[in-house]
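Sharing the features that Swiss-Prot gives for it:
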{"type": "TOPO_DOM", "residues": "1-6", "note": "topological domain 'Cytoplasmic'"}
{"type": "TRANSMEM", "residues": "7-26", "note": "transmembrane segment"}
{"type": "TOPO_DOM", "residues": "27-271", "note": "topological domain 'Extracellular'"}
{"type": "BINDING", "residues": "Val92, Glu114, Ser122, Glu140, Ile141, Gly167, Ala168, Ser169, Gln170, Asp191", "note": "S-adenosyl-L-methionine binding site"}
{"type": "BINDING", "residues": "Asp191, Asp219, Asn220", "note": "Mg(2+) binding site"}
{"type": "BINDING", "residues": "Lys194, Asn220, Glu249", "note": "substrate binding site"}
{"type": "MOD_RES", "residues": "Ser267", "note": "phosphoserine"}
Amino acid sequence: MPEAPPLLLAAVLLGLVLLVVLLLLLRHWGWGLCLIGWNEFILQPIHNLLMGDTKEQRILNHVLQHAEPGNAQSVLEAIDTYCEQKEWAMNVGDKKGKIVDAVIQEHQPSVLLELGAYCGYSAVRMARLLSPGARLITIEINPDCAAITQRMVDFAGVKDKVTLVVGASQDIIPQLKKKYDVDTLDMVFLDHWKDRYLPDTLLLEECGLLRKGTVLLADNVICPGAPDFLAHVRGSSCFECTHYQSFLEYREVVDGLEKAIYKGPGSEAGP
């Protein structure tokens, strides 16, 4: 019996490995997240290798080609169109973005902190609604994403309101008072690693950056989820919580945002 060609054996082996990965994703995440995981961890790296660039660079190039310079709304629409029609990306998106807009307009923060800039979508979205003199500090750990965020912010015409800081949130947060002249924060938008939501919330409080009335708005608390953060803010009398059910960006997968208004450390006391 003739032996199978090595290339064929390699292809079969790779197919089996990918099938196992898909089944594991399906078991732990369900179909919605499974498809996203398959795209992000399997198809996307292959696409990047073939194209010679990254998805984030392709999003920026699409904006530069199709959006109007200095028009923040045009930038958002270009990103949404690209991510709906061509490649999924982890922006807050248009559906949940409207909820973010409403919270910004309701509370009108003067000093806003964003944890996780990615490609700059939410930074542009929030900065365009800030009052004159208000500012947004956005922290991004990935230098490549930070560079794209800066270009996106510049192109959208909101760079005068946005300060981009490259680094890990747990390293930057303790520097905010002295290095970035922050007394307390009016609002914090959490959209970085979900396992950092709770530690960074505790760190913000420890560093004296939360005041009575500070608004925490956390994305993706259902999908992929931030259960420890939700348990903490909902179970603490220091926070007044509101949940906004919505859908995962550019997908019909249930997700939501959690708004937690800080009531002060003294609110914890009880019988």
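Positions of Cβ are set from backbone N, Cα and C atoms, glycine also.
Situate these features within the shown structure.
For Gln170 (S-adenosyl-L-methionine binding site), the same-chain residues that are 6 or more apart in sequence and have a Cβ closer than 8 Å to its Cβ are Arg196, Pro199, Asp200, Leu203.
All protein chains considered, the CB of Asp191 (Mg(2+) binding site) has 24 other CB atoms within 10 Å.
Annotation for Glu249 (substrate binding site): same-chain Cβ neighbours under 8 Å, separated by at least 6 residues, are Cys83, Trp88, Ala89, Met90, Asn91, Val92, Gly93, Lys95, Lys96, Asp255.
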If the substrate site is taken as the center of the Cβ atoms of Lys194, Asn220, Glu249, which further residues of that chain fall within 8 Å of it by their Cβ?
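In sequence order, the nearby non-listed residues are Met90, Asp191, Asp219, Val221, Cys223, Pro224, Leu248, Asp255.
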How big is the gap, in Å, between the Cα of Ser122 (S-adenosyl-L-methionine binding site) and that of Asp191 (Mg(2+) binding site), rounded to a whole number?
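Ser122 (S-adenosyl-L-methionine binding site) and Asp191 (Mg(2+) binding site) have their Cα atoms 9 Å apart.
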Determine, to the nearest whole angstrom, how far the Cα atom of Asn220 (Mg(2+) binding site) is from the Cα atom of Lys194 (substrate binding site).
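That separation, Cα to Cα, works out to 8 Å.
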List the residues in the vicinity of the Mg(2+) site, defined as same-chain residues other than Asp191, Asp219, Asn220 with C-beta within 8 angstroms of the site's C-beta centre.
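Checked against the 8 Å cutoff, the neighbours are Val92, Lys96, Gly116, Leu190, His192, Lys194, Ala218, Val221, Leu257.
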Find the longest CA to CA distance in the recorded S-adenosyl-L-methionine-binding set Val92, Glu114, Ser122, Glu140, Ile141, Gly167, Ala168, Ser169, Gln170, Asp191; express it in Å as a whole number.
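Greatest Cα-Cα span of the listed binding residues: 22 Å.
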